[in-house]
Amino acid sequence: MGARASVLSGGKLDAWEKIRLRPGGKKKYRLKHLVWASRELERFALDPGLLETSEGCRKIIGQLQPSLQTGSEELKSLYNTIAVLYYVHQKVEVKDTKEALEKLEEEQNKGRQKTQQATAEKGVSQNYPIVQNLQGQMVHQSLSPRTLNAWVKVIEEKAFSPEVIPMFSALSEGATPQDLNTMLNTVGGHQAAMQMLKDTINEEAAEWDRLHPTQAGPIPPGQIREPRGSDIAGTTSTLQEQIQWMTGNPPVPVGEMYKRWIILGLNKIVRMYSPVGILDIRQGPKEPFRDYVDRFFKTLRAEQATQEVKGWMTDTLLVQNANPDCKTILKALGPGATLEEMMTACQGVGGPSHKARVLAEAMSQATNTAIMMQKSNFKGQRRIVKCFNCGKEGHIAKNCRAPRKKGCWKCGREGHQMKDCTERQAKFFRENLAFQQGEARKLHPEQARAVSPASRELQVRGGDNPISEAGAERRGTVPSLSFPQITLWQRPLVTIRVGGQLKEALLDTGADDTVLEDVNLPGKWKPKMIGGIGGFIKVKQYDSILIEICGHRAIGTVLVGPTPVNIIGRNMLTQIGCTLHFPISPIETVPVKLKPGMDGPKVKQWPLTEEKIKALTEICMEMEKEGKISKIGPENPYNTPVFAIKKKDSTKWRKLVDFRELNKRTQDFWEVQLGIPHPAGLKKKKSVTVLDVGDAYFSVPLDKDFRKYTASTIPSTNNETPGVRYQYNVLPQGWKGSPAIFQYSMTKILDPFRAKNPDIVIYQYMDDLYVGSDLEIGQHRTKIEELREHLLKWGLTTPDKKHQKEPPFLWMGYELHPDKWTVQPIQLPDKDSWTVNDIQKLVGKLNWASQIYPGIKVKQLCKLLRGAKALTDIVPLTTEAELELAENREILKEPVHGAYYDPSKDLIAEIQKQGQGQWTYQIYQEPFKNLKTGKYAKMRSAHTNDVKQLTEAVQKISLESIVIWGKTPKFRLPILKETWDTWWTEYWQATWIPEWEFVNTPPLVKLWYQLETEPIVGAETFYVDGASNRETKKGKAGYVTDRGRQKAVSLTETTNQKAELQAIQLALQDSGSEVNIVTDSQYALGIIQAQPDKSESELVNQIIEQLIKKEKVYLSWVPAHKGIGGNEQVDKLVSAGIRKVLFLDGIDKAQEEHEKYHNNWRAMASDFNIPAVVAKEIVASCDKCQLKGEAMHGQVDCSPGIWQLDCTHLEGKIILVAVHVASGYLEAEVIPAETGQETAYFLLKLAGRWPVKTIHTDNGTNFTSATVKAACWWAGIQQEFGIPYNPQSQGVVESMNKELKKIIGQIRDQAEHLKTAVQMAVFIHNFKRKGGIGGYSAGERTIDIIATDIQTRELQKQIIKIQNFRVYYRDSRDPVWKGPAKLLWKGEGAVVIQDNSEIKVVPRRKAKIIRDYGKQMAGDDCVAGRQDED
C-alpha cells in the first residue's frame, strides 16, 4: 500500500486532491484512486511503477488508447485517471477529468500533424536518395537521367535567373556530394558562373575547416573520420564515405551542407545575372495580383539580404507597391494576413473586367428588386443572387471582394475547395439547398463551355427559344437567366407537379415520351403500347397535360402505366429548354500571354474554293456543337487564315489553321519534355499496356483571355454574305503552346495516380502512354481501368481502338515485346529515280533503324544531298551510294531486337570501325543482347584521323548513356593502349575519355605513319614548292633534290595551297622508302603534322597513301625567299611566269630576334610589322619551335586575384611555377627542396609583388603543410585544392609547365645553369610572346587586368552610391516638377537621368536630387542635398 501511495508526493499530491472527477461535481481525486489504478494496471499486465513519471503515464496511455472503443467502463475509468495523473506529473493545471482529456486529445493531434508532416516530407520525390538494400546496407541510387536532363535544360533556358535556385533545390533532393558534382559537371560550360560557384564553395570549405579543426592522433577503430571541407565538396572523399557520414549515428548531412554552399554560390550568380532591385517591382494597373506576387518573390529570392529584412520587405513592400485596386483590398485585410489570403482576396482584381464587375455589382444591388423575368414561361419574380463566400446578396462568389472564406462552400469542411469537393449533391433544387446560404451554383452564359464526352451535365433552361451563349453575351442579356445545373454523379431525380400531385421523376434524355405511374389525370385517354428495356407495357395516353418541372411549365402528352420509374422524356424536356452539357474537364487553364509589346495576328483570309468552304463550314458547326470553338462578332480585330486539306487515303476533309503569325507573337514556352523516351531505358515489366489519349489537345481548355487571338473567318463564295468568325476554347492544333500546355496538364492529371500506385511505371509522351507493372495480368488490367477512369474524370478519353492489351505493342515508332524491343518494321522504297526529298526520307528511316540494327551506314547517301538543291530535284545515285543502300537493305532483312535495362548490371559499350570515317557501336549488359546500337560519322575537321574520331564517338555515346540511363558505360575500344598513349603524349590537349579496355575487333585503330623529329641521315632531301597565279588560276609544282634531280609540272585551275601540296605529293611519289622533305608552306606542314589518315581532299588522301608506304619521312620548313640553297632553286623553278615576288623589310630583324628569344609569331608580327603568315613561317622553320602544334585554347573566365601553383621537375631539379590564371603571366624559380618552408617563402615573395587573393594547388605535401597555411593566413590568401567538378582543375599551370620547359629547351644552350635558363624563359614568356585576349604579352595583360579591376571597383562604388538617389526635374517650358527619375550620372553642370525608359540630360539648376528614403526635396540650395549627393 505504502509503495503504491508513493506515486505522488508533497505538492503534487495536493494538486491531485484539488482535481474534480466531473466538471462542476463535488467529488475530487483521492489517494485511494491511485491505489486502485496501480492494482488495475497489474490486471492488464502493466508495470505499476510506470505511474511514478509522466513518461510512464504516457506509455500507459499509448497502451490503453487502442482498446478504448471496445473496452469496459473500468478500462475507461483507468484511462481517465492516468490522463489526469499525467498532467499532475507535468505540473499542468487541470480543473477536472474532462479538461485533462481535452488537453490530451489536443496534444495528440499536434503530434499526429507533426508526424504526418514528417512523413509527407519523407515522401517528397527524392530523385536519387540513399536507399537500404535487402541486406540492410545503405546503397546509393545514382541520378536519374531525367533529373540531369531537366537540370541542363533549366540552365540552358533560364540561364541563371532566380528560378534556377528552387529548381536546383528540388532536383537535388537527398543528393550526395558526388551527385551534386555530377549536376555541376553537366553545366560546366558556363565557366564564369562556375568560377564564382567554385570561389563560394572554397570559401565555405575553408570556413568549415576553421570551425572544425582536425582531431589529433589516429582515429579509433570502427569510427569514421570527421569530414573536411574538401570532403563535403566531394573532392577528397569517396562515395562510400559520403554515404557513411549521411547515414551514420549521429549523421553528418554532407549532401545538405554541400547543397547549401552551392545555393549560396548560385545566389551570387543569380545576383550577377538578374540585377533587378526589389524596389523596382510594382504591380501594373491591369496586372493580375498572382503575376505580381510571382515577380516580387522571384526578385526577392535574388536579393542579398538577411531573412529579417526579406520578411520586412514582404510585409511592407508587397502591399505598398500593389496597384490601387489591390492595395485597397489588402489594407482592408489588415497587417496579419497570410499570402494565401491576399491572393484569394485579390483574385480577379486587376483584370480588365474588374471595373465592369464593380459597376455590374452596384447596378444589380440597386435594381434587382425591379427586374422581372422577360421569358414567357417564367412566372413570378427573379431570384436574388446571394454570395457563397460572404453571404451578402447582389453578387456571386466569383466576383466577391471579401477574403475567401476558409473551407469548402459545398460541405463546409476545410482542406479542399468546392471544385474539388467529393460530396455528391443530389438535391440541387433551389427550394432545399445543401448550402447554408441557400443559393445553388449559378451558371453564367459567359462560361463558354467546351465539350468532352467525359462528364455530362443537364441544364434546365427557361424559354422556348434558347439563345446561343455567344449571342447572349453580345446582346448584353447576361443577368436575365439563371439555370439550375444538375450533375450526373447520381440519377437526375426531380420533384414535379402534375395534376395537382407532387411526384418524383427521372429526367431521361434518352426517352422520347413522358411515362408516369399511379397518377390520376383529368380528361380522356386512349390506350397505347410502348416498348422499353424490360419488354412492352400497356399505358394510357393523356394529351395536353400541364407539368411543372423545377419552376418551369410544359404542356404535352403524358403516358400513365406500370413503369419501374417515373420518366420525364424529351417531349417535355425540350419545351423547358433543358439541354445536355458536356463541360470540358475541370483542368485548370494555363495563363498565356503574347510577347511583350506585341499584338495578336491580323492576317487576311485568302480565297477558298467552294468545296473547301463547304467542308470547313460543316467541320466548324460540328466543333461548335461540341464547344471546341465559339462564334464571335466583329468586335474581335484579330484573324488567322484557315484552309482545308483532304485526309490521307480518305474523302474526308481536315481543317488546318495557319498559326505561324500567332506563333511568332506568342510568349515562349518551357519545353516540358526534353526528348522522346527510349525503349532501351525501360526496365523489364511483367505486364504492359499502351494507351492513346483521344482528341488530346481538344480536351484541354485554352486561357480565356487568350482565346480572342485564335480568331479565324470562314468566307462565303463570291462574298455572298459576311464571313462567319470563330475562336478556339480549347488548345488548337498547330499553335506553339499546345504541346507544352498539354504535357503540363497531363502530368498534373497523372500525378495523383502515380502517387497512389508507385509500383506502376507510366511513360508519357504527348498522347502516348506506356504503362508497365510487375502485377499479374488480371490485377494489371484492373489498374489500367482505374487509370482510364481517372483520365475520364478529367475529360480525357482513351479509345478502345488504340488501347493495346497484347504484345507486340506499337509505341513511339517502336515495337515492344515482353522481353525485347525493336523499331517498327521498316520498308525501304525501290525507285528508279530519287528526288532530294526521297533521299532525305530514306536517310531519316535509316537513322531511325540504326538504333538497333548494327552496321547501318548513310555517309554516301548524305553526300548526294550536298549543295543547295530543291526538294524535287532528281539526284542520280553514285556507285558508292547504291552499294551502301544495298548493304543497308541486307542488314534490314533480318529483324533485330534490343533488350531492356537491368539497373543491377553494368553497361558496356563496344565500338567498331566501319571504314570511311564511319563507326558503329552497341551498348549491352549481357553479350549478344544489345540494349541499343548506333553509328557515328561526324568529321569535325577537314583532315582527321581515327584516334581523334574514336574519342569523339566515345563522348557522343557517354552523353547518350547519361540521358537514357543516368550513367556512363564501360567502353571496349579497338585500339591498343600503346597507340592511345602515343597519341595522348603527342597531343597533350587530347580530350579525357572514361574508363576503357582494349578489344581485338579488326580493323584496329592505329596511327598509320609517324614523322621523324630529326633529319634522316643518308636519305635524299627534296626541296618542294608550288605557286599559282590568282588571275589565270594556272600554276606549277616541283622539287629540287640535294642529288641534282629536279622536276616541275604545270597545273590548271589551282591555288597556291593546292600547288604546295601537289609538290609534296610529287616528292613522295618520286623518292625512296626514306626521304627528307623541305617545304616553305606552313599550310602544308600544318596538315601533315596532325597525322591525318583520311581527308575530304583527294590530294591529301593521295599524300596519306604515299606516307603510309614510306618507312621514314622527315618534314621540315624553311621561310621563303631567304636565300636557302635548294629552296631558292626550286622557287625559281616554279616561279617562272607564275609568282609575283614580294619583298618585305623587317624579316631579317624578326628572324634574328627569334633566334635569340624564340618569341611567338604574334609578337614578331606586331613588333616588326610583318604579315602574320610570314611571322608564322619563321616560327615554324625553327627546329626548336617545331616540336608540337599550338595548344587548343579553351576559355577560362577567371577573377584577377587567382594564381595556380605547381612543382615541376627538370634535369633532376625542382622548379616551382606560379601562373596568374587570368593573364597567363608566369613566376618561376628553381628551389633547393620541395618543402613547405621553400614554398611558403616563394609564396610570400609572390604576394609582395602582385595582388594574390587565392592560390590553387594540388594536394602535394609541400602545399598542404602548416608553413604554407600560416603564410596564406598571414598574407590573407585563400588556398584551394582542385575544383570539385573538374578533373583537369590544374589545367592552366600544367600547360604552363610544358610551355616553360619548351622555352627552356629552346634557349638552354645560352645559359650555363638551369636557374638562369628558368629566369630567361620566364622573361621570354612574359614579354616576348603575344596573343590571346587583346593581343598583349602576358606581362602587359596582367597589368591591364589589375588596373581595370581597380577602376571597375571604384566605378562600381560610384554607381552604387549614385543609384541611391532619385531626381525631380523640370522640362524646358513646363513649370511642373516631374519625377522621381533614376540618377545615372552627376556632372558639374548637368545630370543624366532615366525616367521610365527614357534617358535625359537635365541642367543642374532644373534638377532636385534626393535620397531614395526621404520625402524632403534637396536641391542645390540645400545643405542636406549637397551632403547626400557626394
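Sequential numbering from 1, following the chain as shown.
Backbone N, Cα and C atoms are what each Cβ position is placed from, and that goes for glycine too.
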According to Swiss-Prot, ASP1206, GLU1294 bind Mg(2+) 3; identify which of ASP1167, ASP1258 is listed for that same site.
ASP1258
Choose the correct range: of 7-31, 632-656, 657-681, 1332-1356, which one does Swiss-Prot annotate as region 'Interaction with Gp41'? Give that range.
7-31
When Swiss-Prot is consulted, the range among 249-265, 606-622, 980-996 described as motif 'Tryptophan repeat motif' turns out to be 980-996
PLDDT averaged over the residues of the region 'Interaction with host AP3D1' (12-19)
88
What does the DSSP secondary structure composition of the region 'Interaction with Gp41' (7-31) look like, as residue counts for helix, strand and coil?
7 helix, 2 strand, 16 coil
From the DSSP assignment alone, can you count helix, strand and coil residues within the DNA-binding region (1365-1412)?
3 helix, 31 strand, 14 coil
